[in-house]
């Protein structure tokens, strides 16, 4: 009897010890390094979710690369939605601070991106809730980066002049 | 001999990682002790006061008018600012300094808050950089620990007339 009780106690002790190591380490890793998420919506077609509602892409969200909020033109990033803080939106960075952007459907035809802000757009123009709707977004709301740009794509973007 | 030293080093690294992660989880999801610097929240919070901040209200979207919050600084992404929430989304705000002749109102956009320091003369806040997105708020300050003469819950805003409730 004493022998099996000792076994249970040792098991519980080992479980608690493992639990208090594994959970904080895992949570810290998911917050600070990277996590995985499913993409919903059609605003980034054809780059993300090309299959529409049949198949949602699962992507790796990298926090470590943007821990200093340094993003490049052409990166696909996830940021806190300026209109609804409970939601995160995934868009492509089109322009950085100081650039002048030619907008689609915004009230001003040309917008100069203010300091500390970025201009984001979805790849599927017209089906995207992005800077053309809510204006420039603060770069400190960027939480993760999905895909760093390869610079061949920069030529197609709509940034006209580049500041500094 | 070498194995002993290596074993000790690994154990030390392991403990550091484990306690570092526990500290991160505690500060991110529960709260922690913060030291504030700067004159922009006088007289409520003086320079180098130590206060207690909690992060639960932010996660449950319960921040209200009159709360003192810590947020990521809109001008310098690596530092934090400590200001009072004057208006939530949809509120009407007096968006000029008291010295201007014409009073101008503006509405706080959805998903944003309007922050002001209690020391209106000496505070760069939303009057300078505009409304701040809710997503930048890190936590809510509710209790002062140091100096001991001022120990206790924080006072209400000394600038009550800034709230515009209609």
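Glycine is no exception: its Cβ is also placed from the backbone N, Cα and C atoms.
According to TrEMBL, the feature active site maps to A:43 (among others). The Cβ of residue A:43 (active site) lies under 8 Å from the Cβ of A:89, A:90, A:91, A:122, A:123, A:124, A:127, A:128, A:129, A:130, each of which sits 6+ residues away along the same chain.
If you look up TrEMBL, you'll see A:91 (among others) marked as active site. According to its DSSP assignment, residue A:91 (active site) is in a strand.
For A:14-103, the entry in TrEMBL reads domain 'Peptidase S26'. Mean model confidence for the domain 'Peptidase S26' (A:14-103) is a pLDDT of 87.
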**OP:** Ten-angstrom check, please: count other Cβ atoms within 10 Å of the Cβ of residue A:91 (active site), all chains counted.
**Re:** 26
